[in-house]
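Per TrEMBL, Zn(2+) binding site is recorded for 160, 163, 178, 181. Marked as domain 'S1 motif' by TrEMBL: 73-153.
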Ligand SMILES: [Zn+2]
């Protein structure tokens, strides 16, 4: 219990993105900005987690301030939603560089040539559907062409394609690893990738 409590306390004020798992319904009920799906409480917005230990309620509060309209050169966050071709994925852009959620979604496309410095035959060697990415917009008009080679861009959160658990970055090692099933997967990882394995 106390170990889990420590884990939960670490969640307080941490930044989460839509769909991210926070806890299970037996621990906290969902309040503002959160929802429950199959017993798991997830964030519905980009924001910071607030745990109310008295009422056993978890809320996700959006950072204040309005996001600007995305334009060429903007850094944005998006979710990879579909593989369109071997070399192209569809991205739903949802927040600006400070993780302020846009009103509505913008459509983005990420081509393998904009995703990897190394020759990659498939875009799936770099990103996969379900990944949350930080990207730079390279064209002027919506729908946006995205680039994850520039700056500190890349995947900021990825889930195991076999079992759906988070993939962890192990400092000093290359592939991401699933702590649940042991699967190893490659991504183009951004600075600030959120799942990092602590300890040795
Ligand atoms: Zn797994």
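Placed from the backbone N, Cα and C atoms, the Cβ positions cover glycine too.
Remember, TrEMBL labels are computer predictions, not curated facts.
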Cβ contacts within 10 Å for residue 163 (Zn(2+) binding site), all chains included, total 11
Using a 10 Å cut-off on CB atoms, tell me which of the binding-site residues 160, 178, 181 is the least crowded. 181
Per DSSP, what is the residue tally for the domain 'S1 motif' (73-153) in helix, strand and coil? 6 helix, 41 strand, 34 coil
Quick one: what's DSSP say for residue 178 (Zn(2+) binding site), helix, strand or coil? strand
